[in-house]
Amino acid sequence: MNPAYFLVLAAVCVSLLGAANIPPQPLSFYRYTEMIQCTIRGSLTYLDYMDYGCYCGTGSRGTPVDELDRCCQTHDNCYAEAEEHPKCSSLVKSPYMNLYSYTCSGGTITCNADNDECGAFICNCDRTAALCFAKAPYNEENKEIDISKRCQ
C-alpha cells in the first residue's frame, strides 16, 4: 500500500474513533451556542457553561445555585413549553431539531421574521437565555459540582 494512502486512512480512523465518544447534539444546540458566543464575547465559551450548576448542560433538577444557573433553568423551562407548542409537536418541528435564523450584531440578537412559528418560539428561548448569560456572573466554583449533593 502506498504510504500516503496509509497515512490518510490512519488519520480518518483516528478521527472516527475520537468522534465516537462525542454525543450527538440537537441541531438547535448549534444555534444556541452561536448566540451565547455572540453575547458573552471574551474568554468564556459555550463549553464553560456545560456542566455548570444544576441546570446548565445535563441535569435539570433542584434549586439553581446562582443567577447563571437560573438562566439555564429558564431556558430548560422554555424548551419544555416549546415541546407542548402545537407548531413544535412533530419530529421535524421538535424544538431540538428545528433550525431557525437570526442575526447577531455587536452582542444584539434578532430572531428573523422568516422563522416559522416553532422556529420563532425556539429562537426566542435561546435569545433570552443568551442575553441572560451575558448579564449573569460566572462563578468557577459552580462548574462541575456534585449534583447529587447540591441539586436537591
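Cβ coordinates come from backbone N, Cα and C, glycine included.
Checking Cys13, Cys132 against Swiss-Prot, the residue bonded to Cys71 by a disulphide is Cys132. From the candidate list Asp76, Asp114, Asp116, the residue Swiss-Prot records in the Ca(2+) site shared with Tyr55, Gly57, Gly59 is Asp76. The disulfide bond recorded by Swiss-Prot for Cys38 joins it to Cys104 [selected from Cys88, Cys104, Cys111]. Within 8 Å of the Cβ centroid of the Ca(2+) site, not counting the listed residues Tyr55, Gly57, Gly59, Asp76, the chain contributes Gly53, Cys54, Cys56, Thr58, Ser60, Arg61, Asp69, Cys72, Gln73. Within 10 Å of the C-beta of His75 (active site) we count 21 further C-beta atoms, all protein chains included. Note: the CA-CA distance between Gly57 (Ca(2+) binding site) and Cys72 (disulfide bond) rounds to 8 Å.
In sequence order, Ala82, Ser94, Pro95, Asn98, Cys118, Phe121, Ile122 make up the list of same-chain residues 6 or more apart from Cys88 (disulfide bond) whose Cβ falls under 8 Å from its Cβ. Closest in space to Cys38 (disulfide bond), of the recorded positions given as Asp76, Cys123, Asp126, is Asp126, taking the CA atom of each residue.
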